[in-house]
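*Asks:* The domain 'Major facilitator superfamily (MFS) profile' annotation in TrEMBL covers 39-422. The annotation transmembrane segment is assigned in TrEMBL to 40-64, 70-91, 160-182, 194-214, 246-267, 279-299, 311-329, 335-357, 369-393, 399-418.
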C-alpha cells in the first residue's frame, strides 16, 4: 500500500479524480464587467501584433539576407537583439506595475514597438536593425508578461490563456502570409514595406490599450496585490528566490525558443532542404502557426479538465515524435503535414505553464513571477534562432531539426520535475503541502527501486 501511495500521484492511476476547483472561487471573470470584457479583447489585439512581429521575420529573412548581402550569422542577429529588450522587460515589469500599474504597460508597450518599427520602415543600414529591434522586444516583453499575469489569475484561466495565445498564433499566421504576399510575388515590394503595416496596427494598439487600462493605475495595483512577506511590496528579488520561478522561466525559454526557431527557419529549411517553391515555403510556415493557433484554443479546454501537468506530459512526447518525423522523412508534403501537427501539439504549452505558476506560487508573487518567466522565456525567441543561424552558417540549415528535438526533450524533463503528480488538482495540493521540485521524480525512482528489490 505504501508503494501505491508513492506512485499513484505520479502515474495518476489510483484514486478517483476530484473535479472540484475551489481556487476558481473568488477570482475575477473576463466578462464580469464591461471594462474587463473590453480589456480582454484589447489583450487579444496586442497578442495578434506580437505574433505578427515574431513570425514575419522568418518569412522576411531570405529577402533581408539578399537585400543587404549578408550571411546566416549576421542576419540571425535580428533574433538575438530583441532578447535584450525582453530581459529589460523581465527585470522592470514588477517595478512598472508598482509605479504605474497596467496603464504604464499599455502606454510603454506600443510606444516602444513604434520606436522599433519606424526605423525599420525606413530601411536603414543593416547595423541599425538589431538596435531598433531591441525596442520592439522591450515593448513585446512588457505586454506579454503583463497580460499573461492578468489573465492567468482569472476563472477558467486555461481556456482564456488558450484563446489569448491563440490570438498570438493567429497573428503569427497572418504575419508571414502578409509578408510573403507582399515580397514573394514578383518582388514588387521590398521587405521593409511590411513594417508600414506593423506601424498601423501598433497605433491602433496604443489607442485601445490606453483607453482600456487608463484607470488601472499603480495605486490600484498596490492595493490589490499586497505582499504576503511583510514587505511593502513583493520584489523581483524575492520572487527569484523561488526555484519554481526559475524552472518555469527555463521551460518557457526552451519552449519559446523551439517555437520561434521553427517559425523563423521553416521557410529557409523548406527552400534549401526540401527544395520547395518560395511561395509554398511561405505557406508551410503559415500552416505551422495555424496549427499552433488551433491547438492553443482547442487543447486549452482539454488541458484544464485533465490537469496541466498531465496534459503537457502527453503533448510533449507527441511533439517530439512529430519533430523526429519532420527531420527524418525527406518529403515536402509529409514535412508540411508533420510541421502543422507539431504546431498543434506545441500550442497549449505556454498557457499551461502560466496556469501552473498561478497554482504553485502565492498570489502576490504572480505578477512578478509570471512577468519574469514570460519575459525571460521570450528571450528564447532570440537566443535559439540566433544560435541556429550561426551554426547553420557552417553546417547548413539542416541543423534546425536536431537542435529543436534536443530542446523539446530538455523541456519535457524540466516539466516532469514540477511537484504535484499527474492528477488534476495536484499542483494546488503541492502548494498547500509545500512540496519541492523533483518530489515526483524521487518518489517514482524509490518505487522502481522497491520493485526491483522484490524481484527473485
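Backbone N, Cα and C atoms are what each Cβ position is placed from, and that goes for glycine too.
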*Asks:* Under 8 angstroms for C-beta pairs, at least 3 of them, ignoring pairs fewer than 6 apart in sequence. Is the transmembrane segment (369-393) in contact with the transmembrane segment (279-299) by that rule?
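*Replies:* Counting Cβ pairs under 8 Å, fewer than 3, so no.
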*Asks:* Counting only residues 6 or more past its boundaries, what in the same chain has a CB within less than 8 Å of a CB in the transmembrane segment (335-357)?
*Replies:* 148-149, 152, 157-158, 161-162, 164-166, 169, 244-245, 248, 251-252, 255-256, 258-259, 262, 266, 270, 274, 284, 287-297, 299-300, 303-304, 308-309, 311-312, 315-316, 318-319, 322-323, 325-326, 329, 366, 369-370, 373-374, 377, 411, 418, 427
*Asks:* As a test: from 40-64, 246-267, 279-299, 399-418, pick the stretch that has the greatest number of Cβ pairs under 8 Å with the transmembrane segment (311-329).
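*Replies:* Selected stretch: 399-418, with the most Cβ pairs under 8 Å.
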*Asks:* Return the stretch with the most CB pairs under 8 A relative to the transmembrane segment (246-267), choosing among 40-64, 160-182, 279-299, 399-418.
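*Replies:* By Cβ pairs under 8 Å, 399-418 leads among 40-64, 160-182, 279-299, 399-418.
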*Asks:* With a cut-off of 8 Å between Cβ atoms, can you find at least three pairs linking the transmembrane segment (279-299) to the transmembrane segment (70-91)? Only pairs 6 or more residues apart in sequence count.
*Replies:* no
*Asks:* Limited to the domain 'Major facilitator superfamily (MFS) profile' (39-422), I'd like the whole-number average of pLDDT.
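*Replies:* Here the predicted model's pLDDT, averaged over the domain 'Major facilitator superfamily (MFS) profile' (39-422), is 87.
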